[in-house]
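Written out below as structure tokens is the structure these notes cover.
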């Protein structure tokens, strides 16, 4: 008989739980009005009007300027004590008329509530009816769409605020235009992604010979001042694009929490089929997206994308087993990003042991198939904390959690610096590394970019800490 023993590996555990305290320490997500403003600035000839204090606009615009290195026009009703007591309806009505007079090309105004205006109970829909009558009287030859966006800051996050604004603007405009002739186009809701991701998606659709409208089209967030470019608004999604969404062949929702509700609205109201697929982080998710596009449109996946896939696979294979295998990773940010990056990490042999999701939609996460997929494929334990903050990350590191890499936005950089752990910047906002908003994180090209960013962060850390840096001489 042999003396060898049989080791039985315990099954991996994926634990999903909320933050274990009421107070927030070092928040990792923004409020609902911030997300609503981001959706608004993606629309051409649109200026969001935030019904609240000036800080609800000023600090969000600062975040946009830090991330994109561009200025964005967002208006505020500048709520003060008097309005908090007697109501702020007059501030809304005055703000809408001032915007209409100041911006002759203005066509859309999302009216975004805040915690203060939701608490005092301002009737936004009633104010919009009053504003519409005033606009018709003063500007009979112009049509300005006013969309009510209810985004109290005391619940949800920038993710739910983004989704709410997109849905409200689409409902307002499509209800006004109704159903028209079929366009044969594809509606695409990529969610909260960077301009570089939008450019990549456009290229994919062009190579597949598919006509698509991407909502919201942020490509011009990074573009020169050209003669036909608006100096007030940077978004490329037009009112006509939004109205035409009711006539589309189908909707492709690439973000479960950041646009899928609008796809469901179009399906329910105008019978436009809605196909929900995972945000295309990594190879498999990109494969699934392209297959779905081919299935819906009848187009073939071109050789150019097959070649790009092969290049990405080759680049990632050069890194995965030698440098990434068994490396522990913590990821924080909004849910579609975090779960998508976790799937990508699994593809390249990284181990996403801690996922921090800055949102309070706990019941929805329990039904997310990506979490079930992680349970079925991981050979290591994973902890997922929703409604999280950055203290949840710092606390676990201080308690002894061994990490080789942190992935998240720039607000978490001091945690990585203090713990001497390499960090890759992804998500929003990223302002301490140059030009990240221009680079894609999705698709085959994005997978290759992410893999190389991770590798280079690890390589730099090996050199600065003199930890087996000699390996880089022989690689």
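Backbone N, Cα and C define each Cβ position, glycine as well.
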Site co-member for [8Fe-7S] cluster according to Swiss-Prot, given 31, 56, 153, out of 115, 345: 115
Nonlocal neighbours by CB distance (under 8 Å) for residue 56 ([8Fe-7S] cluster binding site), same chain, sequence gap 6 or more: 31, 33, 50, 76, 114, 153
Long-range Cβ environment of residue 115 ([8Fe-7S] cluster binding site), under 8 Å and at least 6 residues apart: 31, 52, 152, 153, 154
Near-site residues: [8Fe-7S] cluster, ref 31, 56, 115, 153, CB cutoff 8 A to centroid: 32, 33, 34, 52, 114, 116, 151, 152, 154
